[in-house]
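Record features (Swiss-Prot):
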type     : residues : note
TOPO_DOM : 1-32     : topological domain 'Extracellular'
CARBOHYD : Asn8     : N-linked glycosylation site
TRANSMEM : 33-53    : transmembrane segment
TOPO_DOM : 54-59    : topological domain 'Cytoplasmic'
TRANSMEM : 60-80    : transmembrane segment
TOPO_DOM : 81-97    : topological domain 'Extracellular'
TRANSMEM : 98-118   : transmembrane segment
TOPO_DOM : 119-136  : topological domain 'Cytoplasmic'
TRANSMEM : 137-157  : transmembrane segment
TOPO_DOM : 158-199  : topological domain 'Extracellular'
TRANSMEM : 200-220  : transmembrane segment
TOPO_DOM : 221-242  : topological domain 'Cytoplasmic'
TRANSMEM : 243-263  : transmembrane segment
TOPO_DOM : 264-274  : topological domain 'Extracellular'
TRANSMEM : 275-294  : transmembrane segment
TOPO_DOM : 295-317  : topological domain 'Cytoplasmic'
Amino acid sequence: MISMLAGNGSSVTEFVLAGLTDRPELQLPLFYLFLIIYIITVVGNLGLIILIGLNPHLHTPMYYFLFNLSFIDLCYSSVFSPKMLINFVSEKNSISYAGCMTQLFLFLFFVISECYMLTSMAYDRYVAICNPLLYKVTMSPQICSVISFAAYGMGFAGSSAHTGCMLRLTFCNVNVINHYLCDILPLLQLSCTSTYVNEVVVLIVVGINITVPSFTILISYVFILANILNIKSTQGRAKAFSTCSSHIMAISLFFGSAAFMYLKYSSGSMEQGKISSVFYTNVGPMLNPLIYSLRNKDVKVALRKSLIKFREKTDFN
C-alpha cells in the first residue's frame, strides 16, 4: 500500500514479501518442509534450554553460553519463520512498514548477538584447555554474565544502527521485497532516496561484527590447537579435540553460510542469495541443538537421567 505525502511524493505503508519462489506448485511442499524445520528448531532449542536448566551438573560456563545460544536460535528463528510459513499458504504476502522494521531490528539483534555468543564460547574453551587451573576464577558466574550481556549489548547496538538508518529512508512506488524476510540489502534496493549513509553504516557495523568475532575465535583456536598438540597422552588429546569439535562445527555453519549468502548478494545474484540464506537463517538454528547434544556426553547423560525421572513419575502416577 502506498500513501501520498504532502507534495509530489508517495510513501510505502506496507511491503510485499516475494518469498523464496513464485511458483504455485512449490508453495505447499515448501510450507511443509519449513514447518518441519521450524518444529525441530523449537523442540530442539527449547529442549536444550530446559535440559540445562533442570540439571545442576550442567550449570557450568560452557553450558551457560550454550543455554544462551539456544535461546538466541529459538528467538531469531521465531522472528521470521511464522510469517514465512503463513506466506506460503496466503495469497497476500504483505507486512506493514512498522512490522517490517520491527522484524529487521529483532532479526539483526539476535544474529549479531549470536556472533558474539559463539565468540564467548570459543574464549571459554580457550580458558578451559589453556588455563585449566584458573578456569573457575577466570570464568566465574559474574564474568560469564558480563560476557553474555556484552554479546547482547553488541547485538542491540548493531541492530539499532542499521534500523535507525533504515527509518530515515523513503520508500516509494515499488514495495515488493525480493526476500522472505525484511533484511538490509533487499530493503536498500527499494529506497528512492540516497542510501549512502546506510551503506557506510553497513560497511562499519558488519566489518566490526565480522572482524572482532572472527579474529577472537581464530586466536583462541590457534592457542587451543598449540596446547592440544603439546598434550602427550592420546586420550587427553582426543578429549580436548572432542570438547571443541561441536563448537567448530557450529561456527563453520554460522559464519560460512552467512559469508556465502552476502557474497551472493554482493555479486548481484538475489535469487541465489535467498536460497543460500536458508542455511543461515533456518538450517543453522535447527542443527545447533543436534550438533551439541549428539556429540556431547554430558548432554546425553543429562537427557537420559531426565527421561528416567520422567518415566518414574508417570509410572508412579
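Even glycines carry a Cβ here, placed using N, Cα and C.
Remember, it's a predicted structure, so these values are computed and weren't measured experimentally.
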Contact between the transmembrane segment (98-118) and the transmembrane segment (243-263) is defined here as three or more C-beta pairs under 8 Å separated by at least 6 residues; is that satisfied?
yes
Which range wins on Cβ pairs under 8 Å with the transmembrane segment (275-294): 33-53, 60-80, 137-157, 200-220?
33-53
DSSP helix, strand and coil counts for the topological domain 'Extracellular' (158-199)?
19 helix, 4 strand, 19 coil
For the transmembrane segment (60-80), give me same-chain residues lying six or more residues beyond its boundaries with a C-beta closer than 8 angstroms to one of its C-beta atoms, as numbers and ranges.
38, 41-42, 44-46, 48-49, 52-53, 103, 106-107, 109-111, 113-114, 117-118, 120-121, 124-125, 128, 135, 139, 141, 144, 147-148, 151, 180-181, 250, 281-282, 284-286, 288-289, 292, 298
Counting Cβ pairs closer than 8 Å, which of 33-53, 98-118, 200-220 has the most of them with the transmembrane segment (137-157)?
98-118
For the topological domain 'Cytoplasmic' (295-317), the mean pLDDT of the predicted model:
73
